[in-house]
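As structure tokens, the structure follows; a few thoughts come after it.
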């Protein structure tokens, strides 16, 4: 699958987990929060089958199907144990004896999925956070939690197991951490244990972590440590498989001891915010403040699990191409064993089509106008080459085996196309070195045609009318050998011959003999045998031009009309055509056979003087009489049985052909026949010898075609010389001069860009004004020969605040383009991705209600608090209440008792939301119901149409994006995406029709129920009336659908209010009523607030129920 937007995965059932661990417990959980357009969020109770956050216990031993790690023990109401930590567990200790400190940066090579982003780095702080900064120079400790909790508009991306102002400056407490890289399946007991938890909680048995971080805060004291009481010990585990990511928060039972009475200002915050709109607050955030400070004690009344919180951190699941690339690199040798350095690409499509070692292949990876040629050799691998609309060479890559083409292309996309890290592409190219065309050497052709006329490998032409079977060429090198033999027959009654059959045999170090025979049949037909078996050709869908092919081990055969070609192992090629009942043939040999040939096609060494070398080593000089050349040719007659087998006809023992000189003496009778030959000697000879002008003209036509093919094969496009990397600083113009070896070369850009200007003489000007992605591709075209070259330089722009901060060797790519952005090394008190921020004391928020003066910092702490304005705490007089304690059972109904300094060290209760009095005895306040049964989903069916030939992944991502951004964020997932077959319209436009089943999640609080039951269908129709701007690459989420109507949106399942009511209950408070309103959803309401008492009586909601 190609690159994809993060997509939502189903919430999962905890039924099995909870029932396995606690047989008498009813499972339950809460949903994530998503920001709505109106500023609301939807953090409420949710159905027991779906979860992103739970307060949970650890799995029992029975859960561990893949792990041998000892399970973390569960004791009901005693809480979970932390994972092993400290030096004995291999952890690193990190602490700074200052009020605030931050850890070193962690940089997972795969990145870390958070929300809809893939984050490059993270760090933890003393204040109970793990922060994902925008840049490596934007490192702050942020001691003060957000007063309103996470909202989706939070400025910092972070995970908060216990965000509050801690202080390690007095020498007490420390932190431990350990990073686990399991990219390649390395063994780790801790990772296996964390995986086991995640698998059970998410009901995903296939989860396999590739990167894990464990951070443990040990005996952390609240600020100021010298005054405050108690310490906290807790742990966070971050885990990702590259596509999904999760957080586990574990709180040591009895180890969360901060005194809530000493926490002035905004209290602790737990949960996470992705920085791009995806967030979740801990369920404890809706509980009384004292409960928030005891996460180790919080017992979820539905699940019965204590001391564990679990969060899904990724908004959508998508492939991680960094991980795919790294795993592929690990599986490959650093340098391949096969001879890639010997392979290169033809420099133009036109040149490559004449080189029969290369065949057209449809890969479907480039856009319109892009074409590919591939060549495969069993003993040295293969190469594929891509060409543009003008035939210009664009790029080449190596392939070891033909059937591995797709497998080879995928890693290149992982490493070089679908991720933003150029260094991964550089590592890929170490395993698969770049293939260019600079070292390309065309094969050397030779041909034999007509009655027979032969042009040798060195380009010497002669006529040989021998009768029999002959060795045309024999060649060999250290890896292979090649034989080509031909059979002639007398041409009618004339004293001349022509070829009626050819046979070629190829051997290599990795292949046995492969033999192909071409046999002339009536009506210019050719019968082809492969290893004595008749070949049946199949249509070639890759070619699209009527060509037929037959592919076998060691040879690729293709037929186009009356021409049949063979490419032997991508090495030597033979092409045979039937015309005028004569076989004409050309053979091309690779440069490796130079100085290693013999036969009628001569000695290939670029020396014309020794082409006519006979088997005994003697040589006939060029220009010798025809009779001597006839003698040379007959010396290469095959005695015995050759590749073509035994002849069926009896050959005369003394056949002597008529020679050209003899024909010229008696040619006066045929002047009108040879007048169209235009002096071509082969045409004249065949016309005179056979007394047939048509055959002579065919001979001339074949000869010209061979000469034209050879000329094209040896014609190269203009070169492009100049920088392969172009670097520029924002707003400044960079000039690069490109030149060519062709005087008439004209330079152009393939695609225009407002920041680039290329002149016809090759002068390139780049003035980067933005980071809008583009791909720079320079074309040089020769008008004289009509060939073009292309060059795609890397373009690196620096947007740092100062040019001296640019790191041009540390880049990230922008989209799937050639634009790379240089890294920045911030100095002089600057920070941010581009060092655009200046160090200012107001960058970190001050204590709540404290104003920050730009350039100076935080003002004084509020009255009765002391500190520097960023860190504020109650005055040291809090020690006056140190010896006071709460009476036993002072607070009723699970209320929390603490000693209040402001009330003169008196015991004070913090009560659950239902209670109205000071000691949690009298109820009467409204509160949210709990989920009693598994809550069904709201399901609709969509019928959609689009004209973009979108993939199923594109449609899924696009629909999910539109439904996920409705005013009410209740969309869960698309459970089915199916293309519907339909007839092509008369216009021929390729409209695709889709059926999509979409699911939404009911929630008890807020207007969600009313929206899903009464407004959803209209809102969905409206959502498909507008175009979504492009937001991502693969798969994209901006498919433009045709507008839909109400008839295209159909109900599949919906629950009315009376049915939904059975799924909720008002637990723990006798006499409360479950009340529904469209705006508030379901609420637990006391009868006391609804006129329970008549005649002015006062209502009290006691534990036994309401009383007047």
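The backbone N, Cα and C atoms fix where each Cβ goes, and this holds for glycine too.
Between the listed ranges 31-52, 53-74, TrEMBL ties the annotation region 'Disordered' to 31-52.
Here the domain 'EGF-like' (882-921) returns a mean pLDDT of 79 for the predicted model.
Packing against the domain 'EGF-like' (882-921) from elsewhere in the chain are residues 229, 259-261, 286-291, 294, 874, 927, 1069, 1072, 1084, 1086, 1101-1103: each is 6 or more residues past its ends and has a CB under 8 Å from a CB in it. Per DSSP, the domain 'AMOP' (317-432) is made up of 46 helix, 27 strand, 43 coil.
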